[in-house]
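Read through the structure below, which is laid out as structure tokens, and then see the notes.
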Amino acid sequence: MVKICCLGAGYVGGPTMAVIAYKCPAIEVVVVDISIVRINAWNSEQLPIYEPGLDDVVKNCRGRNLFFSTDIEKHVGEADIIFVSVNTPTKTRGLGAGKAADLTYWESAARMIADVSKSDKIVVEKSTVPVKTAEAIEKILMHNSKGINFQILSNPEFLAEGTAIQDLFAPDRVLIGGRQTTAGLKAVKALKDVYAHWVPEDRIITTNLWSAELSKLAANAFLAQRISSVNAMSALCEATGADVYEVSYAVGKDSRIGPKFLNASVGFGGSCFQKDILNLVYICECNGLTEVANYWKQVIKINDYQKSRFVNRVVSSMFNTVSGKKIAVLGFAFKKDTGDTRETPAIDICKGLLGDKGQISIYDPQVTEDQIQRDLAMNKFDWDHPLHLQPMSPSGVKQVSVVWDAYEATRDAHGVCILTEWDEFKTLDYKRIYDDMQKPAFVFDGRNVVDADKLREIGFIVYSIGKPLDGWLKDMPALV
């Protein structure tokens with residue numbers, strides 16, 4: 001019986017291992033983590049992450065061939081295949097600060113694996129790592145191996161939060177990179193055999209190590225670039241009276257381009273896009289490729305510009321100040337169907353409004369008050385370090401209240417900002433919301449989820465990203 005152990009019970013490790021256990025009943029899968037709180041949650045009725053379909057998969061396998069444990073050394077020692085899914089945050093200090101990946105947790109994981117191993121292991125990079133990380137990990141393992149053979153594979157994840165289980169059940173591709181040696185190819189085959197339980201063989205791609213590591217960074221950079229491209233167009237649409245939905249629909253009909261990732265919004269978020277592009281920028285700079293680095297930097301600059309443009313639009317529309325005004329924020333997660341707030345545009349939008357002394361009331365169906373207050377109090381990149389290394393949450397930002405109902409958030413508000421595309425925001429009783437708001441009542445739709453014309457009929461002044469501006473907004477031009 002093959003034994004798999006995964007280091008890290010987060011957004012990648014938990015769902016991925018649950019699906020492997022579900023699809024491979026003859027394989028024993030153990031997910032380990034240093035966080036007792038997180039492991040206890042995985043063993044409870046209330047899982048630590050929200051992902052549609054995840055509950056059913058975990059509960060189907062847990063206790064049978066899927067286990068969650070804090071006894072890391074025991075399970076690493078017994079495993080044949082070890083997935084390493086630990087954090088690779090952006091460095092906050094030292095060489096490469098603000099761009100390079102911090103491999104502290106990866107290195108300590110590798111040293112621990114070398115210490116406790118008594119049999120040959122296949123070690124799989126599941127975290128997103130810089131190109132050539134495998135080489136560094138190989139050196140640590142080989143120099144501490146005590147005669148044990150280790151093979152390093154790169155098996156990057158391509159999950160989209162909100163559809164992770166669906167993505168794992170029917171992936172576009174599974175990518176496995178390994179050394180092109182006899183032992184390396186044998187290790188690649190062993191991992192390929194695991195996925196082959198349910199993934200068609202033509203969707204399992206095998207490459208060399210460096211290609212697999214770089215493919216992950218490249219895929220995220222290309223996706224983020226599409227979002228920044230359509231968001232750049234949204235600014236031009238507003239300036240010219242074009243409709244970004246019509247433009248992106250027409251562009252997406254070109255089979256060479258396709259329709260995905262062409263929705264204009266307040267900006268991209270999530271744990272990967274910005275971090276991976278910064279990593280890519282750093283690697284390019286280290287290899288003397290300044291022009292390539294500058295190209296990818298621009299994708300992030302447009303994303304930052306889109307967020308500041310949105311804040312400027314809110315403030316300028318409301319007589320150039322939100323000081324003392326209540327602004328309702330609907331949605332704090334970076335996208336719908338997840339409780340993940342890592343790099344969510346909502347953080348920068350809220351900080352921008354707070355900078356103008358706005359009073360903010362936030363509602364999100366999946367994000368807790370504690371998480372929101374932590375996010376608004378944290379420095380950039382701190383979120384990606386383990387909880388016990390993050391700054392302790394202070395008493396909270398006084399001008400921010402977090403409520404559990406959209407109607408409570410919007411009561412007596414001067415303006416409403418929609419920052420996450422939760423389905424429920426499409427079907428709210430906007431007449432009721434309008435009646436309970438201060439007048440003039442504004443809706444700033446950062447996700448284009450509401451019917452702007454219907455809201456205007458009710459009496460709202462509506463701003464929709466990339467859509468033709470109504471008269472009020474033209475009279476109150478946003479400062480750029």
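Using N, Cα and C of the backbone, Cβ positions are placed for all residues, glycine too.
Database features, via TrEMBL:
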{"type": "BINDING", "residues": "8-13, Asp33, Arg38, 86-90, 127-128, Glu161, 272-275, Arg342", "note": "NAD(+) binding site"}
{"type": "ACT_SITE", "residues": "Cys272", "note": "active site, nucleophile"}
{"type": "DOMAIN", "residues": "328-452", "note": "domain 'UDP-glucose/GDP-mannose dehydrogenase C-terminal'"}
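Here the domain 'UDP-glucose/GDP-mannose dehydrogenase C-terminal' (328-452) has a mean pLDDT of 90 out of 100. Counting residues per DSSP class in helix, strand and coil order gives 42 helix, 19 strand, 64 coil for the domain 'UDP-glucose/GDP-mannose dehydrogenase C-terminal' (328-452). Around Gln274 (NAD(+) binding site), the same-chain residues six or more apart in sequence whose CB sits under 8 Å from its CB are Ala224, Phe268, Ile300, Asn303, Glu343, listed in sequence order. Around Tyr11 (NAD(+) binding site), the same-chain residues six or more apart in sequence whose CB sits under 8 Å from its CB are Ile49, Glu51, Leu159, Glu161, Ala164, Ser271, Asp340, listed in sequence order. You'll find the Cα of Gly8 (NAD(+) binding site) roughly 16 Å from the Cα of Cys272 (active site, nucleophile).
Comparing Asn87 (NAD(+) binding site) with Cys272 (active site, nucleophile), their Cα atoms are 11 Å apart once rounded. The two recorded residues Thr90 (NAD(+) binding site) and Cys272 (active site, nucleophile) have their Cα atoms spaced 10 Å from each other.
A separation of roughly 21 Å, to the nearest angstrom, links the Cα atoms of the residue listed as 'active site, nucleophile' and Asp33 (NAD(+) binding site). It is Asn87, among the recorded positions Gly8, Asp33, Asn87, Glu161, Cys272, whose Cβ has the fewest other Cβ atoms within 10 Å in the structure shown.
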